Every structure is written in C-alpha cells, then in structure tokens.
Amino acid sequence: MSLSSPNDLESRTLNEGKEDLEAGLSDRHVSKEAVSDQEITQVPRQASLANQEQNEDEFVIIVNWDGTDDPASPRNWSFRKKWGAIAIVSAFTFISPIASSMVAPASAQIASEMGITSSVVTAMTISVFILAYAVGPLVLGPLSEIYGRSRVLQIANMWFLAWNLGCGFAQNTAELIVFRFFAGLGGSAPLSIGGGVIGDLFHPQQRGQAIAIYTLAPLVGPVVAPVAGAWIAERSTWRWVFWATTIADACVQLMGLLFLKETYGPVLLERRAATIRAELSEDERAHTRVRTIFEGEDRDWKAILKRALTRPFAMFAREPILDLISIYTAFLYGLLYLFITTLPEIFQQTYHQPIGLAGLHYIALGLGLFTGAQIGARSLDRSYKYFTAKNGGVSRPEYRLPQMMPATLILPAGLLLAGWTAHNHVFWFAPDVGIYLVGLSIILMNLTLAASTFLRSLAGFGFPLFAPAMFNALGYGKGDTILAAVALALAPVPVFFWKYGERIRGMSRTARKA
C-alpha cells in the first residue's frame, strides 16, 4: 500500500476516452484510472467527525485495478472470454431487430384480420417498434452505468420477451401497437449498451472487428427475419411470427444468464470495494472509508441520468458536425426500414409472387449487408492503423472514413437500379442486384459513422409511413430516384470530414472539455 495525500492522488489521474457507438449513442464512456500500480491506496487524513469532540485519523481506501495487467479488468480478459461476451451481446442485438421486422410480410394478414384500411396504420404496426428505440436508450444507457451492463441488458430483454409474447395475443390494432411499442423499449437495450461493452473490452485501435460484428446484428436481423416471417405467415398465422421470436429470445436469454459477465469497470470496482468493506472489523469500519477511483459527484445516479437525458440534445444544439453525421445515419437507417416494409409489396404485386417466395428477396438485402460487414471487418482496423502510422503514430477518427467513400456512390446506383427495374417489370433478378448494392453501401457507411440512436430510430419509424404514399403516387422508379438524389447530395460528407474534420473538432466545446 502506498501513502499519499488525497490531492496528490487526484492529481495523478488521467482521462481515458472511449468511443461512443449506434445504437444510442448518448452514452458517456469516459473514466479515470489511477497511474499507481497498486490495487488499494490508503490515505491517512484528519477528518472532523460529527458528534465527536476531537479529530481522529480516518483512512481512505481507494480501490483501483491492480496495475495495467490486472486480469480482472475486462480489457485484460482472455481472447475467448472477450469474444464470448461480444457473441452474447450480438445475439441480444440480433434478436430484437428480428422482432422489429419479422412481421412485415404478414402485415396484409394483420390488416385483414383487424380491419385496418389505412396503409399508414399498417406500416405503424411494424415501425412503432423502432420508435421505442429512440426513447429506450435515453434511460437504459445511463442505468447500465449505475447497475452494470449485464444486469440492465438482461432485465430489459426479459421485459421485451414478455411484451413480444403479448403481441401474439393482441385482439385489436390498439393493443398490437401498444404492445409493440413496449416490446421495443426493452429491445432497445442492446443498441444502447452494446457499444459500451465493446468500449469496456477493447482499446480503440482494436475495436474494428468487434464493431463490424456488433453492427451487423441490428442491420442483418431485420433483413433475415422477414424471410422466415413470410413462410410462417403463409403456412400458419401471423401470431406465430411473435411466438417464434419469443422462443428464440428465450434461448438467447438463457445464454445470457449462464455466460454473460459484467464488463463495466466502475461497477466491477464497486463490487471489489464492497468485498473489502465486508472484510473490515467493526472498529476499522468506524475509521475507514472505502471508495473506488471512479467515485465522485459524476457517479451519483441523479447526475448520470440528468447528463444522459440532456447531453444528446445539448450536443445537437452545439455541435454541427454531430448534426450532419446524425442526419446521414438517420437517412441510411430510414432507407433500410423503407426497403424492409416495401419489399413484400414490390414482389407480390409487381411480380405476382406468393408471400413465401416474395420473402426470399430479403436475402438480396441480407447478402449485401453481410458482404459489407466482411469488407468492413477486414479494412476498418487496417485503415485506422495505416493512416495512424503514416501520421507519426497520432490517430484521428477520420482514419476510418476511406472505406465509406466508394459506398456513397454505390448507394444511389443501387437505388436507381432497384427502382427503375421494378418500375419496368424487368426480370426479378435485376431489382435484387440493386437491393444488394443498397445493403452493401448501408453497412459500409454505418460501420464508419457512429451517431445518435435517437434520430436514427425516428427515421426508421418515419420512413415506412410515407413510403407507400410516395410509391403509389410516383411509382418505384421516380420514388427511388428522389431517394438517390438525397443520397448523392449527402455523398460529399465523408470527403468533407476527411479534409476538415480535425479543424471542426478543434472548434468543438465538447472536445475541448474532454
């Protein structure tokens, strides 16, 4: 144990920045770690104790990691243990988006049984789940900083499981929409917490592959699910779409209960501090205060919640660069859900295919997402390390942008190909190629950008609501041409960030405080 004054100890701390990743991207992952290699630092000081007439020595035990190589620190876990945690979190992140879109091919059945005549209401029964994604992370993210990632993630998933099961028993439109919204609240937890888990486990230069796998889940899940949902709806009933996802989620939940360990450093050290307190005698407890290196005013639950609820909106008001990134990612996420909700209509009405066969065209979108994830997993860290080395070992966030630049041109090309081939009834393989290119470009850009889950989720909710009216009025060709024009207008964004990103970040009030 080393002896020092409290002021000396506090002056020997450093800030360790953790990147903010999708999801919800309102989380704060900045911590303080002591420079000392000792696990526990005892600091004698004079303290004026209430109801006592004289001062007595009080020992402050400050609990920290046992040096930089402490095996209990999540960043020092074994390769197997780290990737086991990523696999389970990705499974949670996979099953929730599956539930968000698996019902899409069955929307006509639901509308028929419940007497829904409005295309907007029909689309809302699907996309209201994504609206909850905008709300849930504002609370679940900060709760994970208070009670830990694993506990909040699993409790939220149980909430999602219960309401998703209830969707299968809904008797009217109002019940279905309300149950779907509440299910989405629980289902939003992996999107708001998963990025924090990656930050807990990996240093910034090691996160590329983990990001690629984690980001693939919420993008591929909504695409794979309708393939199964189409056949379930055709062979059985739409209610089994919900019951099937509930069964799958129960399996994921069991894996989490058995194998998912806590990764959040402050919570792990608080547990260590609690163990130390329990080992003290009654006399020692009267003269000893045990706290972790992280404890302070910013670890108070009220401060964490207040910061989480106000910080995203304050940053939107103060940081134009964040606004631009968020608008781009919102557009991409909205496009994804627009395609998810309109694909059944394209291939059932234009190409006159049965619901099960029409659902197979989601594979084209899924293959595009999968291919993009594979490219991203191999190039993201490589690009980051290459340009960092070229810059004398000084890293910049912009070094993850190169893989995004070609994707900005692939996206409008895919939109035009998918729209006009469907409009002109070209052989079904042609629009599938366009859909594949859309999926490829969406994930390449999502791997590079990390921005507000709130705005992205609002776009995922809103795009499907206006899509039917737009395509009915303009047709698929003109409708997708408008979307392609927006994509082209946003295409210079990564080039702009590459050239001016460092200068803009230097002007940021948030960056200067970090």
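Note that Cβ sites are derived from N, Cα and C of the backbone, with glycine treated the same way.
Quick caveat, the model's predicted, so the values are computed rather than measured.
Taken from TrEMBL, the feature compositional bias 'Basic and acidic residues' covers 9-35.
TrEMBL lists 85-514 with the feature domain 'Major facilitator superfamily (MFS) profile'.
Summarising the annotation, TrEMBL assigns region 'Disordered' to 1-41.
Sequence-distant contacts of the transmembrane segment (83-104) (same chain, six or more residues past either end, CB-CB distance under 8 Å): 74, 77, 110, 125-126, 129-130, 153, 157, 160, 164, 183-184, 187-191, 193-194, 197-198, 201, 210, 213-214, 216-226, 228-229, 238, 241-242, 244-245, 248-249, 252, 255-256, 259-261, 263, 337, 340-341, 343-344. The transmembrane segment annotation in TrEMBL covers 83-104 (among others).
The transmembrane segment annotation in TrEMBL covers 116-140 (among others). Away from its own ends, the transmembrane segment (116-140) comes close to residues 23-27, 99-101, 103-104, 107-108, 110, 152, 156, 173, 176-177, 180-189, 191-193, 305, 308-309, 312, 337, 340-341, 453-458, 460-465, 467-469, 472 of its chain (Cβ-Cβ under 8 Å, at least six residues beyond either end).
The transmembrane segment annotation in TrEMBL covers 177-199 (among others).
What TrEMBL lists as transmembrane segment is 211-232 (among others).
The transmembrane segment annotation in TrEMBL covers 238-260 (among others).
Within its own chain, the transmembrane segment (321-340) has Cβ neighbours under 8 Å at 22, 101, 104, 126-127, 130, 219, 222-223, 226, 315, 362, 365, 435, 438, 442, 445-446, 449-452, 455-464, 467, 483, 486-487, 490, 493, 497, 501, 504-505, 508, counting only residues six or more beyond its boundaries. If you look up TrEMBL, you'll see 321-340 (among others) marked as transmembrane segment.
Remote same-chain residues near the transmembrane segment (360-380) are listed as 208-209, 211-213, 215-216, 219-220, 223-224, 226-227, 230, 339-340, 343, 346-347, 400, 402-403, 407, 414, 428, 431-433, 435-444, 447-448 (criterion: CB distance under 8 Å, separation of at least six residues from the stretch ends). Residues or ranges marked as transmembrane segment in TrEMBL: 360-380 (among others).
Taken from TrEMBL, the feature transmembrane segment applies to 401-421 (among others).
Residues annotated as transmembrane segment in TrEMBL: 433-451 (among others).
Under the heading transmembrane segment, TrEMBL lists 482-500 (among others).
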Which one of these stretches, 211-232, 238-260, 482-500, has the most C-beta pairs shorter than 8 Å to the transmembrane segment (401-421)?
482-500
Between the transmembrane segment (482-500) and the transmembrane segment (238-260), do 3 or more CB pairs sit under 8 angstroms, pairs being 6 or more residues apart?
no
If we skip the immediate neighbours and take only residues 6+ beyond the ends of the transmembrane segment (482-500), which ones have a Cβ under 8 Å from one of its Cβ atoms?
321, 324-325, 327-328, 331, 335, 338, 398, 401-402, 404-405, 408-409, 411-413, 415-416, 419, 448, 470, 474
Report, as numbers and ranges, every residue of the chain located at least six residues beyond the transmembrane segment (211-232) whose Cβ falls under 8 Å of a Cβ in that stretch; write 'none' if there are none.
21-23, 86, 89-91, 93-106, 190-191, 194-195, 198, 238, 240-241, 244-245, 336-337, 340, 343-344, 355-356, 358-360, 362-363, 365-366, 369-370, 373, 376-377, 380, 439, 442-443, 446-447
Mean pLDDT for the domain 'Major facilitator superfamily (MFS) profile' (85-514), as a whole number?
85
